[in-house]
């Protein structure tokens, strides 16, 4: 017992939250929750990286879409909404970074905790659906270029984007009920990334429904679109075509995001919830610890899409790279006259000072 207390103090954990433990409650007996030291360093490190790169990348993307990408194409509408979802999410990361550096002691209140988890899930499933829209848009443009001319208009993309936002907010709204804060035995405050044990059974059902309808089905649609896109690129005469290049980039980037960020997160989240519900025997505690630790890793990976998406705009967007280069050149040209005028002003001031002092050697 003494060794457990010392280990808990060194790792910033509670005795009842040590790995591999077996806790006896008033009514039930179950494996104790894992709270290992790596979580306090891995997650904030990942979130700092995502915040810096995601904030800069999505700020530039939004600036480009608003000021330099007019008039928008249909795919630009989807990409702007994707950038907006990512930008809103990265704005919430500083509070989460502090939370983990503070040994997961939440100080911002229950409402902010609910909002934090709500925005994460809105970004997660909003990004998945907007990537699906982008993929379907590219599929129709490559595989059915003539039939899709009317369907790819900007107005239709605006309608679809509005529907996506409404759908995501409606589906994710229950998170505002399930998430929240809780008080640990040592009086610190936790901000649940899923939910408290008392709501776990119903949350598992809700989580499975969102996984199927907001992840699995869009992923199947994307795989189908990309399979047909690759087939069209192979059999159609699109050599050296910008559309061919952008389509290849789109396939590679989106599939990478799903393979690295979305798929591992949903698999491990489901397994972790199932372990909390049904794998509560002494023989399963060590397995549960590994599941929980892996789930924490995938939580960090799930946030990486917010800093990867700007690469998608740059490589697969309509004229994004060319217009970004043009915008930066314009900015540099505007700064050159300012530098020159400042230099002339400094020279004039120096000459005036010398003349006032009676020095005419210049």
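Glycine too: its Cβ is placed from the backbone N, Cα and C atoms.
Swiss-Prot assigns residue 111 and residue 320 to opposite sides of the membrane. Checking Swiss-Prot for transmembrane segment across the ranges 293-314, 315-336, 337-358 points to 293-314. Looking at 181-203, 204-226, the range annotated in Swiss-Prot as transmembrane segment turns out to be 204-226.
Relative to the transmembrane segment (41-63), the listed stretch 293-314 leads the set 204-226, 250-273, 293-314 in CB pairs under 8 A.
The Cα of residue 31 (disulfide bond) lies closest to that of 272, out of the binding-site residues 193, 272, 295.
In this chain, the transmembrane segment (115-136) touches the transmembrane segment (204-226); three or more CB pairs sit within less than 8 A of each other, excluding pairs fewer than 6 residues apart. The two recorded residues residue 113 (disulfide bond) and residue 102 (N-linked glycosylation site) have their Cα atoms spaced 15 Å from each other. A contact links the transmembrane segment (293-314) to the transmembrane segment (115-136), because at least 3 Cβ pairs that are 6 or more residues apart lie under 8 A.
Comparing Cβ neighbour counts within 10 Å across the recorded positions 191, 293, the minimum falls on 293. Cβ-based neighbour count (10 Å, all protein chains) for residue 113 (disulfide bond) stands at 22.
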